[in-house]
């Protein structure tokens with residue numbers, strides 16, 4: 001803490017904690033200015049034990065102040081001595097008396113404030129040192145640091161706990177710092193500064209003695225600070241709430257004022273508008289009409305220009321798009337033509353290579369084998385076999401057991417039930433009434449419940465509950481709902497009872513077996529009839545070959561490569577046509593007014609015909625050869641057809657020989673070999689001789 005000594009013009013320092021404190025005496029001189037200007041000051045000791053730096057009044061050692069500090073108010077309070085008068089520098093005694101008067105007034109006000117506050121730990125700051133020049137104050141010894149500075153101090157001027165006060169200043173940085181007399185001297189003497197509560201604590205003699213025993217700066221110890229009382233905390237909380245309310249009130253007040261100002265502006269604008277409308281004249285209306293017409297014409301012109309611009313841009317874009325489509329279409333057609341041309345060239349190359357390597361005959365044989373009836377018959381038998389059906393069931397079960405397939409099936413089934421049963425109970429009643437006349441033994445419970453025969457008990461129970469809710473007489477007001485419910489109940493009785501359900505399943509299996517056997521017999525009979533109607537006898541292999549009816553008219557049956565058109569055909573005409581770029585040759589014949597494909601028969605006969613010729617190369621007459629006659633003759637109408645003869649022999653197990661002359665029940669004629677062999681055994685009775693049946697041997701199809 002620093003204070004001014006009016007008797008001297010120098011800087012006095014009071015030491016605490018090994019340091020020195022500076023005070024100004026005389027006029028208020030800034031320490032920074034002194035540190036740079038007073039380079040030749042001497043060091044002395046004051047009578048009260050303080051160290052003083054005497055300032056020489058030599059003008060050579062003192063730098064004159066800058067006059068700009070006195071003329072420009074933005075530089076803050078003046079530093080150093082005042083501006084020089086006309087006669088030179090001001091008198092030192094007058095300056096000291098004026099400053100001491102100001103300091104006395106400030107110290108009195110501070111003392112009065114401290115007494116009102118009631119805090120005994122704060123002492124007033126006197127304007128002048130009372131112990132100045134008093135011999136009663138003993139001089140202290142040197143400090144413990146040994147730097148030669150005096151450890152004695154004036155307790156009226158400063159406090160040894162100044163370091164702790166500085167720490168308190170940092171702790172309470174939101175409060176006003178203490179004003180020193182050097183700062184008070186800068187305040188104009190015409191105005192009285194407001195008194196402020198001092199936050200620095202000045203210790204008494206007992207506190208100083210106690211603090212002298214321990215080092216306040218000792219490391220490892222906590223520094224004690226003044227604690228706020230509960231009253232101060234409560235007062236702070238109350239002040240905080242009041243301040244918040246005040247701020248909210250101010251904000252609301254200013255918002256209300258701004259709202260009133262805004263409303264006033266709008267009212268003023270409306271008033272101006274009404275006033276301007278009242279001042280309008282008839283000529284103003286004409287001018288307004290003219291102005292509207294001008295702007296309407298301008299807007300119309302702008303709209304017309306914009307429409308023309310948009311239409312032109314649209315047509316240009318559409319034209320570009322159409323051109324682009326044409327170009328893309330041309331490129332696609334070109335690419336397609338190139339692709340087809342490459343395919344044709346590649347196919348021709350492969351055909352030529354196959355002809356040279358001899359693969360053409362093998363390829364034709366492979367195609368004919370794939371289209372052979374033996375392969376189709378084998379595939380049919382494979383599909384009808386039980387292992388194949390079990391394999392298909394296992395595959396279907398595994399596919400349905402997949403998680404995503406099961407979820408999709410469940411969703412579809414739920415939606416179907418919800419849409420078909422819950423929404424349309426009348427249709428369910430009508431469906432059940434159609435089965436009301438069916439006897440209970442013949443009733444199909446699964447069909448009644450609308451589920452599959454492989455449904456589980458849970459699914460059956462769920463279906464029964466859903467249907468019972470819809471067709472029950474208490475729920476459905478249909479006049480015949482009771483009959484429908486009886487049908488449903490009968491089906492449920494069959495399914496719910498395990499014994500009755502087992503009996504029904506066995507009965508159903510027997511019926512299915514019988515129906516399946518009958519169906520197999522009928523299907524086989526139908527196939528035999530079709531085969532008998534669509535087969536041809538072969539004199540080369542003594543077998544039969546199938547023929548296929550073609551969807552062609554006799555008037556346009558034959559294709560001619562020379563004319564590139566279809567020519568008419570006559571009964572018995574036999575020709576050939578090529579397909580698949582000449583790899584496959586098909587043989588046709590006109591029989592019974594229909595065109596048939598007889599490729600199998602022609603292949604077995606090894607007939608070589610040039611395909612797609614203009615004239616018919618062969619003419620077929622279906623008949624039997626008569627010994628002793630040359631050529632072919634038509635069969636007599638008395639003998640039955642060969643196909644029907646073979647069909648009847650297969651059904652009734654009769655050899656085809658007895659039917660050669662048209663008599664189905666005629667006795668068999670002995671063969672040419674039987675006459676020679678029967679002569680030695682002529683004594684054998686007639687009833688013991690049993691004729692041998694000839695078995696018809698089918699030879700495999702050969703190309």
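Using the three backbone atoms N, Cα and C, a Cβ is placed for every residue, glycine included.
Annotated compositional bias 'Low complexity' per Swiss-Prot: 17-28, in sequence order.
Sequence annotations record features per position, and here Swiss-Prot assigns compositional bias 'Pro residues' to 75-84.
Annotated compositional bias 'Acidic residues' per Swiss-Prot: 89-102 (among others), in sequence order.
Among the features that Swiss-Prot reports, compositional bias 'Acidic residues' is placed at 164-176 (among others).
Look at Swiss-Prot and you will find 193-202 (among others) tagged as compositional bias 'Basic residues'.
The compositional bias 'Basic and acidic residues' feature in Swiss-Prot is assigned to 203-218.
Per Swiss-Prot, the feature compositional bias 'Basic residues' maps to 219-228 (among others).
Feature annotation from Swiss-Prot assigns compositional bias 'Polar residues' to 673-684.
As annotated by Swiss-Prot, compositional bias 'Basic residues' applies to 691-703 (among others).
Helix, strand and coil counts under DSSP for the domain 'J' (444-508) come to 47 helix, 0 strand, 18 coil. Sequence annotations record features per position, and here Swiss-Prot assigns domain 'J' to 444-508 based on sequence analysis.
Residues or ranges marked as region 'Disordered' by Swiss-Prot: 1-150 (among others).
Feature annotation from Swiss-Prot assigns region 'Disordered' to 164-229 (among others).
According to Swiss-Prot, the region 'Disordered' annotation covers 622-643 (among others).
As annotated by Swiss-Prot, region 'Disordered' applies to 659-703 (among others).
Residues or ranges marked as transmembrane segment in Swiss-Prot: 254-274 (among others).
The transmembrane segment annotation in Swiss-Prot covers 305-325 (among others).
Taking Cβ pairs closer than 8 Å, the transmembrane segment (305-325) reaches no residue in its own chain that is 6 or more past its ends. Only residues 6 or more beyond the boundaries of the transmembrane segment (327-347), in the same chain, are considered here, and those with a CB under 8 A from a CB of the stretch are 581.
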